[in-house]
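According to TrEMBL, the domain 'G-protein coupled receptors family 1 profile' annotation covers 8-257. Annotated transmembrane segment per TrEMBL: 27-47, 59-87, 107-124, 164-183, 204-228, 240-259, in sequence order.
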Amino acid sequence: MYLTILMCNSTIMLITRIDSALQTPMYFFLSNFSLVEICYVTVTIPRMLMDLCTLKGNISIFACATQMCFILMLGGTECLLLTAMAYDRYVAICNPLHYSLVMNHRICTQLVAACWISVIPVVIGQTYQIFSLPFCASNRINHFICDIPPVLKLACGDTFVNEIAVYIVAMVFVMVPFVLIIFSYCKIICSILKLSSAKGRAKVFSTCSSHLTVVVLFYGTAGITYLQPKPNQSERIGKLLSLFYTIFIPTLNPIIYTLRNKDIMVALRKLLSKLVG
């Protein structure tokens, strides 16, 4: 599955760069999203594979903090990139005459840079805050990654402030982007319904459905993990959800985006024909 994620996302990045038909803001964001996915799974899966092979599962505090920091940073970047992609679709469908002006290359680059940079100070601060807590109980993390809920359970003393900080950050980087995406798609749906051509409506729905599917899968699992009250959190369900958004969703994302997108399928056929020829 790890090799599949690497291969599929690398292919998307390659074809969006070399195919002139895919030199648009939508595919620029998709290329960056694929890069985030590669980084995200590389932070978690190789470590899991090593633990499965060695059957040891030992990790230092520094390595655990580093893994948590990168998981949160890349997860937050993914949330913001999905929001930028929704905004791109909103401008393209609701304001098509202003699209080339609003979504020029400079604006797109600035949006992507903001998605990457804005999460860094918040995540570093939160990771430092969590690992500054005293850990005097068990040293066994009942999880396969260093995520916030299982690490907080090992801390001694009052973790109320840390939990509040987690909820605030989750609201800012999960719920607010999700609300903006839903608002964008409400506007998009209203615009689509005004189209007189059934073929035109079907084409727009096809373009947006892949992005909306990824949004529902990713935000659904991430929201349950980080916004659920601590007493209600089941460790088994938590591990299952983490497995879902760290492995299964990144595996499904390239498939969703390629199979539901005619432009990418055409670009793939052109690339394959060049390689075979």
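The backbone N, Cα and C atoms fix where each Cβ goes, and this holds for glycine too.
Just so it is clear, the model here is predicted, and its values are computed rather than measured.
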Next on the checklist: Any contact between the transmembrane segment (107-124) and the transmembrane segment (204-228)? By contact I mean 3+ C-beta pairs closer than 8 Å, pairs at least 6 apart along the chain.
Outcome noted: no
Item to check | Distant-in-sequence neighbours of the transmembrane segment (204-228), which means Cβ under 8 A and at least six residues beyond its ends | outcome: 75, 78-79, 82, 85-86, 89, 93, 147-149, 166-167, 170-171, 174-175, 177-178, 181, 185, 188, 192, 195, 238, 241-242, 244-245, 249, 252-253, 256-257, 260-262
Item to check | Interface present between the transmembrane segment (164-183) and the transmembrane segment (27-47) (three or more C-beta pairs under 8 A) | outcome: no
Next on the checklist: Cβ under 8 Å, sequence separation of at least 6 from the ends of the transmembrane segment (164-183): give me the contacting residues as numbers and ranges.
Outcome noted: 75-76, 79-80, 82-83, 86-87, 119, 122, 126, 129, 148, 152, 215, 219, 222-223, 226-227
Item to check | Across the domain 'G-protein coupled receptors family 1 profile' (8-257), average pLDDT on the 0 to 100 scale | outcome: 87
